[in-house]
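Data first, discussion second: the structure below is written as structure tokens.
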Amino acid sequence: MTIFIKAPAKINLTLDVLNKRNDGYHEVEMIMTTIDLSDRIGLSEINENEIRIISQNRFVPDDQRNLAYQAAKVLKEKFNVKQGVSITIDKAIPVAAGLAGGSSDAAATLRGLNKLWNLGLSLDQLAEIGAEIGSDVSFCVYGGTAMAKGRGEKITYLPAPPNCWVILAKPSIGVSTADVYRNLDLSKVYHPDSNAMIAALQNGSYSSVCSCIGNVLESVTLSMHPEVQHIKEQMERFGADAVLMSGSGPTVFGLVQYDSRLQRIYNGLRGFCDQVYAVRMLGERVSD
Ligand code: ATP
């Protein structure tokens, strides 16, 4: 038997870092929403009692470094599952892009194996298990729109943003999340107003969502990588309503309300950037 599950990417509407904790993790406050750009995960029962990863994407590890592998391993060990599984990962989300691709694959694997292995776990239980794998996995178990606090594992649900287009552009550079955090000086950066974003979402106000987006890591990554700054400026110049870097980068996204303008921005970006996507927000959470 094989089952297929979608693993959608997320963008950060806000990303704030409050402090560095004694355990070395950063205390964060992030408002995230899932978008219609998804990997496709196939889970097949196999005779051998092992976990196999199959992916055509050369940037995706095919061993225990893969977050989907780790998700299967945690479930297998916790619930003493004696069955093996082959996990096929059809990548559509760019890798190491600030879009939580690996975390979403792990979350989809948890949801899918819960069904394949008849474990009967709730989404809350899967999200708790997900937190052991990575800080964005809990959010990705539910999807939709939420505030994530702590290391990212404390999730509070929020209304979906008003419908609009999301245009994404990823420069072909790698950004080291560790380097970005190392260069982050919390006293010198702009902190987004999470409460104002929550109010904007509750009021369903597109213009307020646009004016409240913010990412504490953006200025750090922009100063390290001028290519990201260039994409941001061009997206603004071509007419996006609001532009922000997602996660620690390097992907930059723009919010756009009108189809006519979307086409112009897309064509403009494609002139100098290979990886450009125009998608809708998903906004709603996964159901149990
Ligand atoms: P986040 O936004 O959560 O910080 P990201 O979008 O920046 O994540 P990923 O696409 O998850 O980054 O990839 C980061 C690294 O994780 C990759 O370089 C890759 O080696 C590793 N990785 C592990 N599992 C996966 C997976 N299933 N898909 C992609 N990368 C994976």
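Cβ from N, Cα, C; glycine included.
Just so you know, TrEMBL annotations never went through curation; they're auto-generated.
Quick look at what TrEMBL lists:
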ACT_SITE  Lys10  active site
ACT_SITE  Asp136  active site
BINDING   Pro94, Val95, Ala96, Ala97, Gly98, Leu99, Ala100, Gly101, Gly102, Ser103, Ser104  ATP binding site
DOMAIN    66-144  domain 'GHMP kinase N-terminal'
DOMAIN    197-273  domain 'GHMP kinase C-terminal'
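Here the features listed in TrEMBL are painted onto the structure.
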residue: Lys10; record: active site; Cβ contacts under 8 Å, 6 or more apart: Met32, Thr33, Thr34, Ile35, Leu99, Ala100, Ser104, Asp136, Phe139, Cys140, Gly143, Ser246
residue: Pro94; record: ATP binding site; Cβ contacts under 8 Å, 6 or more apart: Gly101, Lys170, Thr251, Gln275
residue: Ala96; record: ATP binding site; Cβ contacts under 8 Å, 6 or more apart: Phe59, Gly174, Val175
residue: Gly98; record: ATP binding site; Cβ contacts under 8 Å, 6 or more apart: Asn12, Val175, Met245, Ser246, Gly247, Ser248, Gly249, Pro250, Thr251
residue: Gly102; record: ATP binding site; Cβ contacts under 8 Å, 6 or more apart: Asn66, Leu67, Ala68, Val95, Gly134
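Report note: the ATP site is defined by Pro94, Val95, Ala96, Ala97, Gly98, Leu99, Ala100, Gly101, Gly102, Ser103, Ser104, and the residues of the same chain whose CB lies within 8 Å of the CB centroid of those residues, excluding them, are Ala9, Ile93, Gly247.
Residues from the recorded positions list (Lys10, Gly98, Asp136) with a C-beta closer than 6 Å to any atom of ligand 1: Gly98, Asp136. Residue counts for the domain 'GHMP kinase N-terminal' (66-144) by DSSP state, with H, G and I taken as helix and E and B as strand, are 43 helix, 8 strand, 28 coil. Lys10 (active site) falls within a strand segment according to DSSP. Neighbours of Ala100 (ATP binding site), defined as other CB atoms within 10 A of its CB across all chains, total 29.
The DSSP breakdown of the domain 'GHMP kinase C-terminal' (197-273), given as helix, strand and coil counts, is 46 helix, 11 strand, 20 coil. Cβ contacts within 10 Å of Ser104 (ATP binding site), excluding its own Cβ and spanning all protein chains shown: 29. Averaged across the domain 'GHMP kinase N-terminal' (66-144), the predicted model reaches a pLDDT of 97.
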